[in-house]
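Asks: Sharing the feature lines straight out of TrEMBL:
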- 94-128: coiled coil (COILED)
- 406-430: transmembrane segment (TRANSMEM)
- 451-468: transmembrane segment (TRANSMEM)
- 554-572: transmembrane segment (TRANSMEM)
- 584-607: transmembrane segment (TRANSMEM)
- 651-674: transmembrane segment (TRANSMEM)
- 785-808: transmembrane segment (TRANSMEM)
Amino acid sequence: MGSLFRSESMCLAQLFLQSGTAYECLSALGEKGLVQFRDLNQNVSSFQRKFVGEVKRCEELERILVYLVQEITRADIPLPEEEASPPAPPLKHVLEMQEQLQKLEVELREVTKNKEKLRKNLLELVEYTHMLRVTKTFLKRNVEFEPTYEEFPALENDSLLDYSCMQRLGAKLGFVSGLIQQGKVEAFERMLWRACKGYTIVTYAELDESLEDPETGEVIKWYVFLISFWGEQIGHKVKKICDCYHCHVYPYPNTAEERREIQEGLNTRIQDLYTVLHKTEDYLRQVLCKAAESVCSRVVQVRKMKAIYHMLNMCSFDVTNKCLIAEVWCPEVDLPGLRRALEEGSRESGATIPSFMNTIPTKETPPTLIRTNKFTEGFQNIVDAYGVGSYREVNPALFTIITFPFLFAVMFGDFGHGFVMFLFALLLVLNENHPRLNQSQEILRMFFNGRYILLLMGLFSVYTGLIYNDCFSKSVNLFGSGWNVSAMYSFSHSREEQKRMVLWNDSTIRHSRILQLDPNIPGVFRGPYPFGIDPIWNLATNRLTFLNSFKMKMSVILGIIHMTFGVILGIFNHLHFRKKFNIYLVSVPEILFMLCIFGYLIFMIIYKWLAYSAETSREAPSILIEFINMFLFPSSETHGLYPGQAHVQRVLLALTVLSVPVLFLGKPLFLLWLHNGRSCFGVSRSGYTLVRKDSEEEVSLLGSQDIEEGSNRMEEGCREVTCEEFNFGEILMTQTIHSIEYCLGCISNTASYLRLWALSLAHAQLSDVLWAMLMRVGLRVDTTYGVLLLLPVMAFFAVLTIFILLVMEGLSAFLHAIRLHWVEFQNKFYVGAGTKFVPFSFSLLSSKFSNDDNIA
């Protein structure tokens, strides 16, 4: 169980990179993803580091590539999918790539700018033609003049817009024509009336078709307007108001001949613009298609190059030796791969002096690396959500693979529901390579990432459903019931048995609402059901009482076993970190406290199951009363479960009482004795211990790896630890808090496992209610309409089953199973105070790049 049982053994390595080979070496390291870099320039600002210029160049190339991707996406050109990730570009090709990208950007921006200008001019000319067409109907140019004796024409008989009338008035008439958006017409007309005091006449009409706005590109409804006014001052006001309302104003022809010439010129120019615009778009698409062939690979290359320079900025620069010094965390098993990567980088750069590495001792806590695959990744994420494991401590994820889906299934036990969940997860597993599932929405992607968790949860739910004999709230009679109803009838027994036993007859069956089966009568109970709960309990009126008793005891047994296993796993941590005194002074008292009280409770439950039969069941004492009497010492003699029970309980209680002071004071007093007996004492931290050379007891706490490192390091560590003050009060307070939390937690955590019983009961009852309210009603309908009604009832039942029982109840059981692992199980041995190992790997960057590209 190697790396999944405990995190990888790490070492701190120092890399000496020649200036000419540093880039190639880090490129090789990034492809393999073996090391995590430490920042040796934490006190140096990001703008003052060595390779800040190269990082800015990469950001500029990123900006250009983002612009290219945006233009390619806007043109609906598909981006090719890169099967193999290209390596980081060689340094000699970076300048050439930068020049090509900059030249391509300038060319694209110029072509795009010209295209936008042509498109804007085309839209303006189209608007102008629509304006001329609509305003042609506004003026009556060929109306015959009829003489009148009035100085001014009557408004009812003549239009003020008639040229002949204007000539009679001798006024200087002006026109402003154009287009305005539909929503601004009323406000525009009102503003003209107020500003010009009624000396304008506005005529407008709605265009039949929507036009694209040249400025924004939005397709909206437009109104064509024609404003007639008298005087230059009013004309200036009209033009200013048109500018304020963003009207598109166009020159208005004075004569019909001029209108015809303008119309012909517009048609010719529009045709020319269409031709030029199509050629421009074709050329732009050719440029974008050529750029799309390499843009994805260049995006990956630039991001890799940027990541390399970020790592180089974390190195210290040695001017005298002309090399870069880097410190990295590396798994010990990957050290040969690290050396090969450095040799490969030096060979690619053609350097005469190769880069090299060596390991250095350290007392710092290394990061935690636990290697996972697609099956174990989901379970490891559940553990990491509580906290990343401390370095080299036992990893709960190995056991969570079994215990998590099992505890979920105890709360979700139903054969039918579990099988549906198993089929859904199996569908995700079989189609895990489908690209749509990897790029789906967040909720579906969450289900996809946990597909193996769902698979095991469904499989275990099928198992517990068979144990509970529950399938959509109905029992399944697979092996035949162990109870025989006919044996309860009086005619099947002799006269002596009829006198001695309470049997059924015809009168009993007619007049009794409830019939009770007596297992003491021969032939009634023929033996237990081969697997799970007997299906006859589904018909019993005391079914709920029986199942509650069974599930409650089962929950207590599973909970105590789960917590005891967590305490035992803590012993493996103490053995690994060379803290054997914790085994005798912490773990053993914890196990005694747990087993002498709650382990004895399990013993009483199992003993009662085995020792008492149906004949002696009435004589069986209550386990709850016996468990309470264990602490109360009743004066009167009680009928116990077995002979000598009182003496056994007193011994167990004495061991429990004795284990409490050892748990409270054992470790602090032992550490105080060690401190007073030695002038130098080191406390093991995360597997790294610095102790004095001539201390035998302390050397026994030291890891074998640390002993082999020699005496110099230990003497050096002794001088460092001497300055640290031993605080007995702090150690005593910490151990006291831990002991109180453990003792009280044993009680509260055991009660917490009763949620297994409660949620199993809730799931079964909710499933039963759903069946009674829907399926039972549909199945009882008359046969004439039953088939027609049964189909929608079954569809509705399926929908409610999926959303209420599978999704909501499943989520509830999932969260409770997480709580049982985080709080009740992991706090017995798991600290979870480590930092995750984040390697310098290009594979992590590639996924981010694809997401960024999709967003862009």
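A Cβ is built for glycine as well, from the same backbone N, Cα and C atoms used for every other residue.
Unlike curated records, TrEMBL annotations are generated automatically.
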Asks: Taking 3+ C-beta pairs under 8 angstroms (sequence gap of 6 or more) as contact, is the transmembrane segment (554-572) in contact with the transmembrane segment (406-430)?
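Replies: Between the transmembrane segment (554-572) and the transmembrane segment (406-430), contact is present.
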Asks: Any chance the transmembrane segment (406-430) and the transmembrane segment (584-607) are in contact, meaning at least three CB pairs closer than 8 A with a sequence separation of 6+?
Replies: no
Asks: Near the coiled coil (94-128), which residues from the same chain, at least 6 beyond its ends, have a CB less than 8 A from one of its CBs?
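Replies: That would be 57, 60-61, 64-65, 67-68, 71, 179, 211-215, 222, 248, 250, 262, 266, 269-270, 273-274, 276-277, 280-281, 283-284, 287-288, 291, 298, 301, 305.
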Asks: Under 8 Å between C-beta atoms and at least six residues away from its ends: which parts of the chain pack against the transmembrane segment (451-468)?
Replies: 374-375, 378-379, 382, 401, 404-406, 408-410, 412-426, 428-429, 432, 531-533, 547, 760, 764, 810, 814
Asks: Sort out the residues at least 6 away from either end of the transmembrane segment (785-808), same chain, that have Cβ-Cβ distances under 8 Å to it, and list them.
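Replies: Sequence-distant neighbours of the transmembrane segment (785-808): 414, 417, 420-421, 472, 763, 766-767, 770-771, 774-775, 777-779.
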Asks: Can you tell me which parts of the same chain pack against the transmembrane segment (584-607), counting only residues 6+ beyond its ends and a CB-CB cutoff under 8 A?
Replies: 553, 556-557, 560-561, 563-564, 567-568, 570-571, 574, 623, 626-627, 630, 641-642, 649, 652-653, 655-656, 659-660, 662-663, 666-667, 670, 742-743, 746, 750, 828
